[in-house]
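Undergrad: One structure follows; several queries about it will come next.
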Amino acid sequence: MKNEFKTGIFFTAIAQYSTVIVQLIINMILSRLLTPEEIGMVTIVQVIIFFFQLLAGSAIGPAIIQNKNLNEKDYGIIFNYSVIFGIFLVLAFGFGGGIILSTIYSNPIYIPLCWAMTPIIMMSSMVQVPNGILGKEKRFKEISIRLLLSGILGAIFGITAAFLHAGVYAMVLVYVVTDLTSFLLTFKIVKIDYTRSLNFKPVREILPFVKHQTGFSVINYFYRNLDNLLVGKFLGTALLGNYSKSYQLLSFPITIFLNVINPVMQPILAEHEKNVVLIRDTYLKVCRLLAIVAIPVSIFFSLNAGPIIYLLFGKQWSMAILPLSILSLSICPQMLSQSMSAIWQSRNLTKIQSVSGFISLGIISLCIFIGILGGNLTSVSIAVSGAYFLNFIVSGSLLMRRALDSNFFQLFKVIIKPLFLGIILSVIVILTNPYISFSNLFITLLLRGIIWLIIVALFLVVTGELKKIKEMVKK
């Protein structure tokens, strides 16, 4: 298990870090070529696309990984159903999505935008079975290469289109080409045992897992995207563009670490479904590492939001500064909360996970509505950030009690030292930032980053955390 975990982490990390760099470059360029309003419009369509991708069978991959009874012929039958369902979703989104969005947001551009993005739904549906096979066979190297190549090609086409004045369709092209490349590579490296059979038995085999996992994913989708939909409706697409830009930026550190750890955790821990002690110890070690990274990063982002926004995206995004500063404080609770899904799946407790999702939906939705009533991005950001802290406490308590036979205090213990590090960092950064401010934003962030890194390194050495991290990596 140790070697598999290290191998998976290694290849996934290379792909994720490279992909984040590519995405950051795309954002830097498109942010200077597109207006906040244009980016806001694409964000709205993208939010709806994510929902249809969930319905297209995002739970099929994890279900295949978790199930030990399926054979090659079963994969082919499940694939047939995924194609049929994908066609149905494409037609529903193409004919219904654009009309609904155009009516809600009073802009006819959403009709062609939705049709332009329908290939994403079809391809997403068709790759679910191959994705499950890749994960089950722990082919992390192939998964990583696919992710990296598709991201690079999507960036090339999207940026080229932006320079050719394609407007909002430049962003559409990024997503479509990325998914198309991933789709083609997937069917190059995974061989499906195709069949004409529509025997429902293999589908019935994974249906309980898929049903509960999809239910949780849909719930998770709503509370993670409700803010975008409501900001776009009540505050306008221009403010949504600024809000989504700040949220997108803070999502990079979350993506860097979670998209490395989560895809590896479930396939490996699923083989030890009944070993609660092993899964709990592994999870707490992962949380300790995530907190040590997430809390210092959140402090740096929050207290340097202005220079970060101006350096990466330009002056037209000034309204994204305060939301980024506030939302960045929620990086740690978001990261820890999102890592819980792999544990629920590994323990095959997706039914209880759905209950946890409903609770999260209630907490976060209520906070978002309160933020929207404030009528500005600041109130929304405060409400959303606070919601994620509260959700982490509630979700963490449920996970530790129902899945890991423990309690929330055991989880909280592993983040006490990182919290103390965050307090020290906040005080020092607040005191030193006024003296480290230059006309060159890159130099400003570089020097502030060096001081930040020195403080983090000293803390890890003095408290012995660095030694513990090294031991954990070796084990």
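Just so it is clear, glycine is given a Cβ too, placed from its N, Cα and C backbone atoms.
Note: TrEMBL annotation is automatic and uncurated.
Pasting the feature list from TrEMBL:
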TRANSMEM  7-30  transmembrane segment
TRANSMEM  42-65  transmembrane segment
TRANSMEM  77-103  transmembrane segment
TRANSMEM  109-127  transmembrane segment
TRANSMEM  147-166  transmembrane segment
TRANSMEM  172-190  transmembrane segment
TRANSMEM  289-313  transmembrane segment
TRANSMEM  319-336  transmembrane segment
TRANSMEM  357-374  transmembrane segment
TRANSMEM  380-399  transmembrane segment
TRANSMEM  411-436  transmembrane segment
TRANSMEM  442-462  transmembrane segment
Undergrad: Honestly, do the transmembrane segment (172-190) and the transmembrane segment (77-103) touch, with at least three Cβ pairs under 8 Å and pairs 6 or more apart in sequence?
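TA: Contact between the transmembrane segment (77-103) and the transmembrane segment (172-190): absent, because fewer than 3 Cβ pairs are under 8 Å.
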Undergrad: What stretch, picked from 109-127, 147-166, 380-399, 442-462, has the most CB pairs under 8 A with the transmembrane segment (319-336)?
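TA: Highest pair count goes to 380-399.
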Undergrad: Quick check: do the transmembrane segment (442-462) and the transmembrane segment (380-399) share at least 3 Cβ pairs under 8 Å, counting only pairs 6+ apart in sequence?
TA: no
Undergrad: Tally Cβ pairs under 8 Å between the transmembrane segment (289-313) and each listed stretch (77-103, 380-399, 411-436), then give the stretch with the top tally.
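TA: Looking at each of 77-103, 380-399, 411-436 in turn, the most contacts to the transmembrane segment (289-313) are made by 411-436.
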Undergrad: Counting only residues 6 or more past its boundaries, what in the same chain has a CB within less than 8 Å of a CB in the transmembrane segment (380-399)?
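TA: Residues 227, 231, 235, 243, 246, 322-323, 326-327, 329-330, 333-334, 336-337, 340, 343-344, 352, 355-356, 359-360, 363-364, 366-368, 370-372, 374, 407-408, 411.
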